[in-house]
């Protein structure tokens, strides 16, 4: 608690608060624009933070992540085209509300539910991460290797529609992470004589290429459909259709709390992602309703349930990152680069080595929740107008910013080459349904996988039978096998899907359990 | 998607075999005696990719074909990809031969034209605002050496 108070003292300065505001605003705009989102925004903004102080830099990026999660509801409600896949269930009831002239009410409830879910989930992160990290410190390399393999399998199996393709993408991520000088022998690996590759492939140009540039190029091919949607927005004239009434709050209170709980649990589990959280929450609220048949026709509880879970996932996904150093989502994987850049290595040791910085990050996250409410409420009309900007004007802006972001990572044209190479891979991955989320997470944890594997071989004296002395590792190896079998069997079944319009590039159909 | 899965699986198997048999041995030396070989993890990942790709091919060969399945790429997506990647190639060439300003202008104006923007105001104002804004934010405000 003492550290947290000091953290607030670091954050509550005009300088840091201004960067949080900038991050939330930028994130909100990115969230509003279909196809862009928090991962893209954070990847492009990381180079911008090179010249900021650590607390302000991390606060800016967290602001982008939180703003984007909330902003994606705007285009879901107004255009039936979610800014991010996780807002797809928001559109199921939000868009019918907008067609009934209740867009303002839906947007306001979406914002309130987002802020509540986000704030409560941040509190959960603060309460859980440090105690979990204390146990994580007891874990040795053998156990860590088993946990990493389990996480990769879990994430690979859940983040795409095909288990095999998810695992292939994860293996490619680890493979590309081996490029560069090997850390023990300093033997160059797959550098093809290029000195630029001695330090390995840089994460930021890869992430920008796969997430942002690839997305923009694919969107360019589906531009006309997106632009048609912007011409169909209607706004109501009755005052009660523009505000959230007390009766609305009474209907939404339980769905918001339920959504927060579901989103937090889903966020803590690596690989499930915000889409699973928001669809599960929407489905649970529909089942709990006395009139489930009315869902999909403009029920405000549907918006509240989906948005609270969507936003609760973001802070909760930092629990495995902070406690174990394992990124559970693509945003956590990209944030690792920013954290390390600013002197904070995510993992159990950071609570001992950098308690002040961790406290400042927590304080920044809590402040970002309040700022999200303020900016989202005051700027609602402006953000709604952003959703109507034609895609042909957005794409050149994003491509230009992507080039600047990639260039700033290394200050050489080589980063642009890397960005373009991974743009091509990103387009292929998106269209052929190879999960780029798993690829990026595999790339980020690749060095840890190799290091812990190397240490494990030495500890086990190259004998697998010595694993019997490491029961935790055996448990995770068994869990990996169970997950593989369960996922392989589960994939043979089907599920009902939502009826939200596809952005053209991003999967916006989710399973409703 | 069935055909695409089979084709991509076969390509990945060939790629994995080339990596395992030719590129990894040529590009990664064997490590010193008694230490884990630097080749081990790349080889393990390639073997894993080959095995999983083989499973992908076999499982899709056994699946029934779906006559209504849409191809993974639409014509408009292919055209947009070719046009914008071509624009990037021109931009890089201009950056190396002329300079950053010419490359930036061509990237922005070229993208606008490819995407169908024809209004002169947008074609003039967009590069001015973007390049000017980037100069002010990164070079003046943050002191970044982007030029």
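Just so it is clear, glycine is given a Cβ too, placed from its N, Cα and C backbone atoms.
Remember, TrEMBL labels are computer predictions, not curated facts.
Among the features that TrEMBL reports, transmembrane segment is placed at A:12-33 (among others).
Annotated domain 'DUF112' per TrEMBL: A:17-440, in sequence order.
Note on the transmembrane segment (A:39-62): residues 10-11, 15-16, 19-20, 22-23, 26-27, 30, 68, 204, 207-208, 211-212, 215, 330-331, 334-335, 337-339, 341-344, 357, 360-361, 364-365, 367-368, 398, 401-402, 404-409 of its chain, located 6 or more positions outside it, place their CB under 8 angstroms from a CB of the stretch. Residues or ranges marked as transmembrane segment by TrEMBL: A:39-62 (among others).
According to TrEMBL, the transmembrane segment annotation covers A:109-131 (among others).
Non-local neighbours of the transmembrane segment (A:137-156) in the same chain are 163, 166-167, 169-170, 174, 269-271, 320, 324, 326, 328, 348-349, 435, 437-438, 441-442, 445, 448-449, 451-453, 455-456, 459-460, 467, 470, 472-477, 479-480, 483-484; each lies 6+ residues outside the stretch with a CB under 8 Å from one of its CB atoms. Among the features that TrEMBL reports, transmembrane segment is placed at A:137-156 (among others).
Here TrEMBL flags A:163-181 (among others) as transmembrane segment. Sequence-distant neighbours of the transmembrane segment (A:163-181) (same chain, 6+ residues past either end, Cβ-Cβ under 8 Å): 152-153, 155-157, 187-191, 197-201, 206, 429, 432-436, 438-447, 449-450, 484, 487-488, 491.
The transmembrane segment annotation in TrEMBL covers A:201-218 (among others).
Annotated transmembrane segment per TrEMBL: A:321-345 (among others), in sequence order.
Summarising the annotation, TrEMBL assigns transmembrane segment to A:357-377 (among others).
Taken from TrEMBL, the feature transmembrane segment covers A:389-407 (among others).
The feature transmembrane segment is assigned by TrEMBL to A:413-429 (among others).
The transmembrane segment annotation in TrEMBL covers A:436-457 (among others).
Among the features that TrEMBL reports, transmembrane segment is placed at A:469-488 (among others).
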(message) Can you tell me which parts of the same chain pack against the transmembrane segment (A:12-33), counting only residues 6+ beyond its ends and a CB-CB cutoff under 8 A?
(response) 40-41, 45, 52-53, 55-57, 59-75, 83-84, 363-364, 367-368, 371-372, 375-376, 379, 383, 386-387, 389, 394
(message) Within this structure, do the transmembrane segment (A:357-377) and the transmembrane segment (A:109-131) have 3 or more Cβ pairs under 8 angstroms, counting pairs 6 or more apart in sequence?
(response) yes
(message) Same chain only, please: residues at least 6 beyond the ends of the transmembrane segment (A:201-218) with a C-beta under 8 Å from a C-beta of the stretch. Say none if there are none.
(response) 35-36, 39-40, 43-44, 46-47, 176-177, 179-180, 330, 334, 337, 395, 398-399, 402, 405-406, 409-410, 415-416, 418-427, 429-431, 436, 439-440, 443-444, 504-506
(request) Grab the same-chain neighbours of the transmembrane segment (A:321-345) for me: Cβ-Cβ under 8 Å, and only residues 6 or more beyond its ends, written as numbers and ranges. (result) 38-39, 42-43, 46, 49-50, 54, 57-58, 61-62, 65, 125, 128-130, 132-133, 136, 139, 147-148, 151, 155, 203-204, 207, 211, 267-271, 273-274, 313-314, 351, 353-354, 357-358, 361, 436-437, 440-441, 443-445, 448
(request) Give, as a single whole number between 0 and 100, the mean pLDDT over the domain 'DUF112' (A:17-440). (result) 84
